[in-house]
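Q: Sharing a structure here in structure tokens format.
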Amino acid sequence: MKLTEDDLYRTSTQFKHWSFTPSQLAAQRLQTNIQASERVKAAVQRQRAQRAKQLDPASASESDRNGTPVPLDREVNCLTVAEEKKLVDTFCEKAIELGGFFKFPIEVTATGIQFLRRFYLFNSPMTYEPQTISRSAMFVANKTEGHHMPLEKYAAGFPKATSEQVLAPEYLLVQALRFNFDIRHPFRALKGGHLDMIEMARGNAYTFASHILKTAALLTDAYFLYTPSQIWLSAHLLADELLTLFYLSTRLPPSSPLHSKTLTTLRSCAALLSSHHTFTSPTTSAADKAAKDKKEKEEVQLLIKKLRQCRDPDKLDLVKLNQAQKRDAVDGEGLEEKKAKRRKLEREGYQKEADSFWGPELPRRENGAGGK
Amino acid sequence: MVISPVLSPKPNPPGPGARPPTMKSKPLAILNSSNVQPPTAASTPGDTGRDMAEQMNDEVRKQFKTGAKLGEGTYAIVYSGHYKSDPSSLVAIKKIKVNQDYKDGIAMDAIREIKFLSELDHPNIIKLHAVFSTKDQNISLVLEHLPLGDIETLWKTHSISYSPADIKAWANMLAQAVWFCHENYVLHRDIKGNNLLIAADGTVKLADFGLARSFADPGRPMTYNVITRFYRPPELLLGARHYGGGVDVWSMGVVIAELAIREWFLPSNTDFEQLVAIYDVFGTPTEDSWPGVSQFEFYTPPDDSSVPAPANGTGPSHRATSPSQSTQSSIKRPQPLTYWRQRFPLLGEDGIDLIRGMLTLDPRKRLSAREVLEHRYWTNAPRPTKKEDLPRQGSGEEKMGEDLKRRGGEVESGRVDKVARKLDFGAMR
């Protein structure tokens, strides 16, 4: 009984409420921007109208209550979607610094930033000032991630903010978050995936490649034909092709002519290793393996049988041969050892020549024996 | 481990179905052609004071009609209620009270409960239909209506008789709920009979996620001040700061045991007594039976004359004597199988084997929630009773009100002996 990652993710609020296509995301931001701009313009309009009623029409260009000069006749210059996004992005960056300042665990900071980004999908920085919201978002993120920091201590970390200012936008924030507090971060997934990869390399690929090195690599001409590096990489290629190709590409850029050359060599070495009967890929079935082993055994049995019929009778008893050689060496005292040996062999050769069966073998045997 | 499904298709359109597009303002009409489903009631030029988020919240709130008050606690007030569109679809509305003692804004219990219940969708876990806030800035949780009381009242009500097959059915629903939480990397940390509510159709539902948390990263310390005492596993009583799903499995074992004997299985008045009660049944843990047990903060070695007594003042003063010192024998032996057979005839051999697996002192040897579900108890005879045939208790709506109004670890008044320790927020992780 095991739920897949897919099963788990599909029931998450992150998937259900906070996953978008790029065009959906752009459209949502545009909608938020349009609404906020309208509201700002309407509010300014109202204020101006109110002021116009109260004030002498002569004083045309007047400051508003906050001291910001707003020319009466000019349309308010609202932020564009891109400008809003840039502002939000900036405050997200500042939130990382904030998290660093308070030494929050990364998931607290990360959750706070996602809260901020979610909040500004439905609200504009023109309506709610990002600095105020980000303070509150980070505080709620602390509570959400079970990393509680007392409000007083948190607020004291800011030169200008009070506890009340941190708490004030809390309801606004959680409402905009639609009470979805759970953020699925990729941190744990990275650790898991990384462990999986180590496991792949160490557990399966390493064990498998190491097995090839202890069998097929020793039992074929691999050592004659390839370097140690080529052999292990080929064995690893057979164990885990993707991982090995990736590894290779980190060492040799795929654009380099050496890359394809090396790979060709590795593939031919891998072909050699995998041609050996001891080689079984993870996909080989037990039946295939048994059939392969049986075929191999039969072939070898036939060969041994054949060998018995074509053995060199002279070399059947190496003990005797060795003794004979020693004897010859004693007999041929005064003669050069090599000469004596050759003579003996030549003598034997003539005898064999008489034997029509062995005749054709003579010259080769003479050379070979003479060299020893 | 967790790897997000990179192959998951993007939801289209986003958001729940309950967001009919009602386009009012002219500038927004251009969005009609896009595939985005905008929030309802997009602001009209006259509608300047209301945010989109606020409007979405109002939309949610307007879906429900709040009815009679079912219960009130220090943490929450519970009302009955229903969907306005369908008065027969009942809900329980839990309004979180603003806690006067808690000055730090929205309570963590409420955040936790909302956070986890929003993510967990399972037939044996109480369903969170919606969350909304009211103008007075109270958060309300719209929860599944579970009118048939809870597991604790079930075994306490002696007019109700039930069979081994009934216990198996209830226990299995609990086991599935816990398994599902753990598959989702959520620790409940307050499993007990009165957090297991019963739906109108007899289904058992795990409720109260006020103490829940996600599995910690290895090495990150957690608080041991969780789980109502009778259900608290030995590692938490000994002060473990690193633990896993085993804590819930222990609680689950105690709940099943209580169902089977129809009384408290491991009652006590203090944390210290709780350890004594556990050791009386399961024996005193030793380094042999539980490697590493002596490393726990509150561990005190059994009074063995061959071992020199520890220097005074090294341990916490209230832990001056070890639970095993209160009896004559130095190391208690675990109860033999005959004890289990005599005390738990309703569970049978398989059931006894299962709860002993769940109630293993060493959490590493304890069954995992998945292993619990794989146990032969569920598949061997007798078959668990079908939900519709399970014995029921009468009007339990008030009970639901009582159960839902509590905060994590809290019990109703008059049973203060069992109150879980207050969460220590300083140590809280």
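Note: Cβ is positioned from N, Cα and C throughout, glycine not excepted.
Features from TrEMBL:
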REGION    B:1-52  region 'Disordered'
COMPBIAS  B:8-19  compositional bias 'Pro residues'
COMPBIAS  B:31-46  compositional bias 'Polar residues'
BINDING   B:Leu70, B:Gly71, B:Glu72, B:Gly73, B:Thr74, B:Tyr75, B:Ala76, B:Ile77, B:Val78, B:Lys94, B:Lys95  ATP binding site
ACT_SITE  B:Asp190  active site, proton acceptor
REGION    B:301-334  region 'Disordered'
COMPBIAS  B:319-332  compositional bias 'Polar residues'
REGION    B:378-429  region 'Disordered'
COMPBIAS  B:385-429  compositional bias 'Basic and acidic residues'
Q: Once the chains shown are all counted, how many other Cβ atoms turn up within 10 Å of the Cβ of B:Ala76 (ATP binding site)?
A: 27
Q: Between any two of B:Leu70, B:Gly71, B:Glu72, B:Gly73, B:Thr74, B:Tyr75, B:Ala76, B:Ile77, B:Val78, B:Lys94, B:Lys95, the residues recorded as binding ATP, what is the biggest Cα to Cα distance in Å?
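A: Farthest-apart Cα atoms in B:Leu70, B:Gly71, B:Glu72, B:Gly73, B:Thr74, B:Tyr75, B:Ala76, B:Ile77, B:Val78, B:Lys94, B:Lys95 are separated by 14 Å.
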Q: Tally every other Cβ atom lying within 10 Å of the Cβ atom of B:Lys95 (ATP binding site).
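A: Here the count is 19.
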Q: Counting every protein chain present, what is the number of Cβ atoms, excluding its own, within 10 Å of the Cβ of B:Thr74 (ATP binding site)?
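A: Result for B:Thr74 (ATP binding site): 13 neighbouring Cβ atoms inside 10 Å.
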Q: Distance between B:Glu72 (ATP binding site) and B:Asp190 (active site, proton acceptor) at the Cα atoms, whole Å?
A: 20
Q: Take the Cβ of B:Leu70 (ATP binding site) and count every other Cβ within 10 Å, whichever protein chain it belongs to.
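A: The answer is 23.
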Q: Quick check on the recorded positions: of B:Glu72, B:Asp190, whose CB has the lowest count of neighbouring CB atoms inside 10 Å?
A: B:Glu72
Q: Could you round the CA separation between B:Leu70 (ATP binding site) and B:Asp190 (active site, proton acceptor) to a whole angstrom and send it over?
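A: Answer for this pair: 22 Å between alpha carbons.
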Q: Please report the Cα separation of B:Ala76 (ATP binding site) and B:Asp190 (active site, proton acceptor) in Å, rounded to an integer.
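A: Here the two Cα atoms lie 17 Å apart.
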Q: Between B:Val78 (ATP binding site) and B:Asp190 (active site, proton acceptor), how far is it from one CA atom to the other, in Å?
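A: Here the two Cα atoms lie 20 Å apart.
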Q: How big is the Cα-to-Cα gap, in Å, between B:Asp190 (active site, proton acceptor) and B:Thr74 (ATP binding site)?
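A: About 18 Å separate the Cα atoms of these two residues.
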Q: Taking the Cβ of B:Val78 (ATP binding site) as centre, how many other Cβ atoms lie within 10 Å?
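A: Counting Cβ neighbours of B:Val78 (ATP binding site) within 10 Å gives 25.
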